[in-house]
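Novice: The following feature annotations were taken from Swiss-Prot:
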type	residues	note
DOMAIN	10-76	domain 'PQ-loop 1'
DOMAIN	208-270	domain 'PQ-loop 2'
TOPO_DOM	1-12	topological domain 'Vacuolar'
TOPO_DOM	34-44	topological domain 'Cytoplasmic'
TOPO_DOM	90-163	topological domain 'Cytoplasmic'
TOPO_DOM	185-199	topological domain 'Vacuolar'
TOPO_DOM	221-238	topological domain 'Cytoplasmic'
TOPO_DOM	284-296	topological domain 'Cytoplasmic'
TRANSMEM	13-33	transmembrane segment
TRANSMEM	45-65	transmembrane segment
TRANSMEM	69-89	transmembrane segment
TRANSMEM	164-184	transmembrane segment
TRANSMEM	200-220	transmembrane segment
TRANSMEM	239-259	transmembrane segment
TRANSMEM	263-283	transmembrane segment
Amino acid sequence: MKLIPIILNAKNLSGMAGSISICCWIVVFVPQIYENFRRQSAEGLSLLFIVLWLLGDIFNVMGAMMQNLLPTMIILAAYYTLADLILLIQCMWYDKEKKSILQEVKKNVDPVHLPPANPINETVLQDVFNEYEPLLPRIEEEDSQSYSSLELGRTIVVKERENFFNDFLIVSGVLIAGILSWYISYCSGLDNGIPKKKPAFEQINLPAQILGYLSAILYLGSRIPQIVLNFKRKSCEGVSFLFFLFACLGNTSFIISVLSASWLIGSAGTLLMDFTVFIQFFLYAKPKYEKILIDN
């Protein structure tokens, strides 16, 4: 394969954006699936959000097949549906485990009976009189706890910086992979910006277009339950930041590369919804070390 210089025109920029979009959508579900597995919980995710997204992907697959799109596009749509199913299974499985644990706890816990109050005797009065003596080790213990909390807080700050750096590397790697994959096809002559003979006009498949619009509506509406859940909890804990970041990047690059009304509505609309979730991430974000200091 011979390396050739890139001609920066609208077609090549569109192809590059499309390649980046595909790479983002390939990995978009991985961070959230991993987050659920790591926490052994999907409590932060709205079940309705996953269900609506799944229905949108199902209509997307059906529309792509009816419109006779490229096999790669159909395979990608099927892959998204499979990833949705994995998230849905995680939500249902971890919720079932949580309920079973709560039921087990209720069975094993006996009613609490308060013991009768101990009478104040001479020993108690003596302890009160000499209170300054037992307070000394208690003060030292509190100082020790405060110091350990500060140390833990510093450790968490370092860990958060490491996570940010790791996220930056992951996002950069996906973007570079998208550009490189496009450049390989560009050098191979598959996408070199040279005008090709236009294919004959393809008749629009009305049922496929209807499915495309339905898919767009479902994509657009799927974010609303998640936004509402985050608002009620005043937290985005349990939701992967990279999940929505890759969704934003995928939709943004897709909008740049495609000019099809039904799919643009879905991408542009969900992009606005994803930005709303981003605002919630920063609005509800509280440094973990502050929580620890407050608790202690």
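Numbers run from 1 along the shown chain.
Heads up, the Cβ atoms here are built off N, Cα and C, so glycines get one too.
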Novice: Out of 13-33, 69-89, 200-220, 239-259, what stretch is closest in contact terms to the transmembrane segment (164-184), meaning most Cβ pairs under 8 angstroms?
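Specialist: The listed stretch sharing the most Cβ pairs with the transmembrane segment (164-184) is 13-33.
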Novice: Contact between the transmembrane segment (69-89) and the transmembrane segment (13-33) is defined here as three or more C-beta pairs under 8 Å separated by at least 6 residues; is that satisfied?
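Specialist: Checked: the transmembrane segment (13-33) vs the transmembrane segment (69-89), in contact.
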Novice: Summarise the domain 'PQ-loop 2' (208-270) as counts of helix, strand and coil residues per DSSP.
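Specialist: Helix (H, G, I), strand (E, B), coil: 53 helix, 0 strand, 10 coil.
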Novice: Let's see if you can do this one: DSSP helix, strand and coil counts over the domain 'PQ-loop 1' (10-76), in that order.
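Specialist: Helix, strand, coil within the domain 'PQ-loop 1' (10-76): 54 helix, 0 strand, 13 coil.
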